[in-house]
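Student: The structure under discussion is supplied below as structure tokens; questions concerning it will follow.
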Amino acid sequence: MTAAPGTPPAAGAPATDPSADPEAGFSLFDDPEDYYPPSPPPTTQQYLTTTNVPIALHLVGHSPLEAHHLWNGSRVVAAHFEANPSLVRDRTVLELGAGAGLPSIIAGALGARKAIVTDFPDPDLIENMRRNIRECTLLDPSLDRVIADGYVWGAPAERVLSHIQQEGQPPQKFDVVILADLLFRHSEHDHLLDSIEATMKVDEGSVAFVVFTSYRPWLQHKDLKFFELARERGFVVEKVLERKMERPLFENDPGDEEVRKTVTGWCVTWPREYVEGKVGWPVRKE
């Protein structure tokens, strides 16, 4: 059988003399040097707080995880915290799939005891989040309130939980978990719910804020399936906000523009009977 172009000789086979082959070093399947366009450069976007303080948010140039966008969900949940600071003040906060980390940064600025901002453990992505934290003038670096770390949805959560443990105290979990614009990843819904189960404190005041837009309106039913799965496990689900943006995030995309401009926010909480120890978990409602 003849080896494909560019395949090295098998062990023990005589090497070919490049000087005897006019096409040595060239493969039919080699791409020209300029065949692939360069990766887009990093960008910076701005969030203006309700007190008119601008926050510059650096974004990676491109990410298969979509972390190169400042999603509307993150803007809306950040504004929701600003309007209701008691939701995060003196509380521990975990953000999943954070990208730029805006909601966690706002939580830290509003006095969260600790805000852990996480995304897939890609070095460039994590360093970008750390840069946003370092450069935010609303955060006191001496307090170390906002920490960036890598985390894969559904994976063991000991590492992220370690950031909020206190010596001599019982193991702690988070008061608040943030999921901003993650529901379009339909195959990850169960993993996201696994992460909520693993990281959210079993307490009546604990809450997961799930804020999203159906960027593909024809798949909205699949986005909303997340809440069906949450209810099946026993979680309590409540819609708490709806906001219409001036324009859709992706203006040239297909689908109903009104749907693509609409951001909704939901609270996912533990059922009272589970918090009070009257039933076990999961309280599945098959």
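Glycine is no exception: its Cβ is also placed from the backbone N, Cα and C atoms.
It should be emphasised that the depicted structure is a prediction, and the values quoted were computed from it without experimental measurement.
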Student: Among Asp119, Asp122, Asp140, Asp190, find me the residue TrEMBL lists at the same S-adenosyl-L-methionine site as Trp71, Gly97, Ala98, Gly99, Trp153, Ala180.
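Tutor: Looking through Asp119, Asp122, Asp140, Asp190, the residue TrEMBL assigns to the S-adenosyl-L-methionine site is Asp119.
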Student: Do you know which of the binding-site residues Gly97, Gly99 has the most other C-beta atoms within 10 angstroms of its C-beta?
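Tutor: The most densely surrounded of these binding-site residues is Gly99.
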Student: Could you list the residues of the same chain, at least six apart in sequence, whose Cβ is under 8 A from the Cβ of Ala180 (S-adenosyl-L-methionine binding site)?
Tutor: Trp71, Gly73, Ser74, Val76, Val77, Glu95, Gly97, Ala98, Pro103, Phe209, Val211, Phe212
Student: Just counting, how many other CB atoms are there within 10 A of the CB of Trp153 (S-adenosyl-L-methionine binding site)?
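Tutor: Looking across every protein chain shown, the total is 22.
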